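> Grabbed the feature section from TrEMBL, which reads as follows:
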{"type": "REGION", "residues": "50-82", "note": "region 'Disordered'"}
{"type": "COMPBIAS", "residues": "58-72", "note": "compositional bias 'Polar residues'"}
{"type": "DOMAIN", "residues": "98-162", "note": "domain 'J'"}
{"type": "REGION", "residues": "154-183", "note": "region 'Disordered'"}
{"type": "TRANSMEM", "residues": "233-255", "note": "transmembrane segment"}
Amino acid sequence: MEINKDEALRCLSIANNHYSSRNFTAAVKFAKKSISLFPTDQAKTFLEKAEKSMASEPPSTGKSTAVPTRQASEPVPEKKYTAEQTKAVREVLSCGTNYYKVLAVEKTSSDSQIKKAYRKLALQFHPDKNGAPGADEAFKLISKAFTVLSDPQKRAIHDSGGGDPEQRASQPHPGFSAHRTHSGYREEVSPEELFNMFFGGGNFPRRGAGHRTFNFAQAQAQARQQRQEGTNVAGWIQVLPLLLLFAFTILSAFLTSDNTPPLYSFSPSATYTHKRATKSHHVPYYVNPKAFKASEQTRHKLARVEKEVESDWVHNLHQTCQAERRERANRITLARGVLFGIGRDEKRYQDALKMPTKSCDELKKFG
């Protein structure tokens, strides 16, 4: 759909960053995601190139050859941090699985407010910017809080009983494989990948993060060496327009959303009292009449706002649809029984097959 084009271009930009750092596996992953959102000839051509590079890459020996050998003898620099950073890390970790408290938002917060809170805290607690002990765990907890509160079904489960909805949903059942206990956003996107999807990746140089699968310092050194050798000049020329577009998008997000409340909400409140619907797909949303007046002045401004409304709406439908499909798959597995059909419950099995997926149906109608 045309509405997913911006997100597809963002994924393609991330894929190019990974390719320049010779992380071909991640490059292929984000290229495929770009094509699934909005197929373009540029993304398809890039995917073919990335897959060929990944296939021809020699097996890794565990250490990058692009890093000068003198680094092996150098001591790992000690990270510096302030007392305020240490205190902030402790406060986040003390929140446990109270994800609203982790992100410092109210239970009634909108999706836009949750995204804004994540952007602020992710930058503040990223281990490459915050060297305080426990910053890595705090960063992961912030990412986990966002993945739960941005998923309508997980958020509903969290609201109903608190705690981690994934742990509550993954209690062992007879005949249920252990590998199914990890599901959802956590299985698909790591905290670092989530950060890269918001900020583009590679914003901070890494130091001594040997336990991670991706080292920014090594990637930057490799990229510099490749540029000096002239091997990627043509590729950079092709990617440059996308990088500029991505940078402009990020800058616009900081200038418009970080200092002002969201323009709209999908549920009414004391602030968002006036109900509206988008022109293209009649998606309902609520606005503050006074704050929204400027967006109604021209058709161009209104169309841009409604495009963002529909984009968020589709994102929410997609998240709920995935949750519905996982729930149906879980019910089918439980009703099917163990080996040779032992413990099979035919009625529950048929009910699971017929379980409606309203969000998925709505998503198909929307497309």
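From the backbone N, Cα and C atoms, a Cβ is placed for every residue, glycine too.
Automatic prediction, not curation, is the source of TrEMBL annotations.
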> How many of the residues that make up the domain 'J' (98-162) does DSSP mark as helix, as strand and as coil?
45 helix, 0 strand, 20 coil
> What mean pLDDT does the predicted model reach across the domain 'J' (98-162)?
90
